[in-house]
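J.: Below is a structure I'd like to ask you about.
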Amino acid sequence: MTPLLAFITKEWLEAARTGKIIILTLLFVMFGIMNPAIAKLMPWMMEILSNTMAENGLMVTDIQVDAMTSWTQFFKNIPMALIAFVLIFSDIFTKEYKSGTLLLVLTKGLSRYKVVLAKTMLLLSLWTVGYGLCFAITYGYNAYFWDNDIANNLFVSAALWWLFGVWVICLMILLSSLLQNNTGVILCVGGTMLAAYALSIIPKAKAYSPTVLMNANSLLTGAEGIDAYAHAIAIAALLCIACVAASIPIVNKRQL
């Protein structure tokens, strides 16, 4: 077994031992089930509320739900899963700095850049599997209850949101390698997201903000094509590479 593979295995076992993988799995499964469940229960919930609303002079019409309703819930709920992911793994480097365990690994001959690559590969693998699991569960329930064909560009929309998550994770890796504690990492990730969102408000700069990748509804309804996201895709991909690449010299110069 190569040192890189051995370190990835060690990181995975540690994540499993501390319960992080179980928590992530439960979260992604829960959100995957929740999306069609909310859509299915929505007419019943509105019927319960209709009596109260009628007393206030408001009329509630019949609500028709379909797979599009469930997919709308999917893209509303998946940000919470990403937030949970960041909260759980924001200490990916800061904990190593505090405990000194990284020094033990380096003394066994593993290069520092391989440490960065190993941690990146692990986190992106966990995000990909978790996100894919959530998507597959929602897709399966939607296919059973309704018809997924109503959603345009479904897999492209899902891929765009996956890429957004990859960018956030790469940013988290950079900040965790740079800062002293995970609280600072969380705050800086949140601040960067706000800055990117503020950029998307500017009409001329909107197409270049990675947060545009979160807007899947326009693709699902067919209001926009994939071309509208080309700049955001390119910027997000470049930022992912830049974040990981910048993490390597930071870790190389870090005093352990």
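Glycine too: its Cβ is placed from the backbone N, Cα and C atoms.
Okay, these came from TrEMBL:
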{"type": "TRANSMEM", "residues": "21-39", "note": "transmembrane segment"}
{"type": "TRANSMEM", "residues": "74-94", "note": "transmembrane segment"}
{"type": "TRANSMEM", "residues": "115-139", "note": "transmembrane segment"}
{"type": "TRANSMEM", "residues": "159-179", "note": "transmembrane segment"}
{"type": "TRANSMEM", "residues": "186-208", "note": "transmembrane segment"}
{"type": "TRANSMEM", "residues": "228-251", "note": "transmembrane segment"}
J.: So what's near the transmembrane segment (159-179) in sequence-distant terms, Cβ-Cβ under 8 Å and 6+ beyond its ends?
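T.: Sequence-remote neighbours of the transmembrane segment (159-179) are 75, 78, 82, 85-86, 89-94, 116, 119-120, 123-124, 127-128, 131, 185, 188-189, 192-193, 210-211, 213-214, 216, 219, 229, 233, 236-237, 239-240, 243-244, 246-247, 250-251, 254.
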J.: Below 8 Å between Cβ atoms, which of the listed ranges 21-39, 74-94, 186-208 makes the most pairs with the transmembrane segment (115-139)?
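T.: The stretch with the most close Cβ contacts to the transmembrane segment (115-139) is 21-39.
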J.: Six or more residues beyond either end and a Cβ under 8 Å away: which residues meet both conditions relative to the transmembrane segment (74-94)?
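T.: Distant Cβ neighbours of the transmembrane segment (74-94) are 20, 23-24, 27-28, 31, 34-35, 119, 123, 126-127, 130-131, 134-135, 138, 157, 161, 165, 168-169, 172-173, 176-177, 179-182, 185-186, 189, 214, 216-217, 220, 251.
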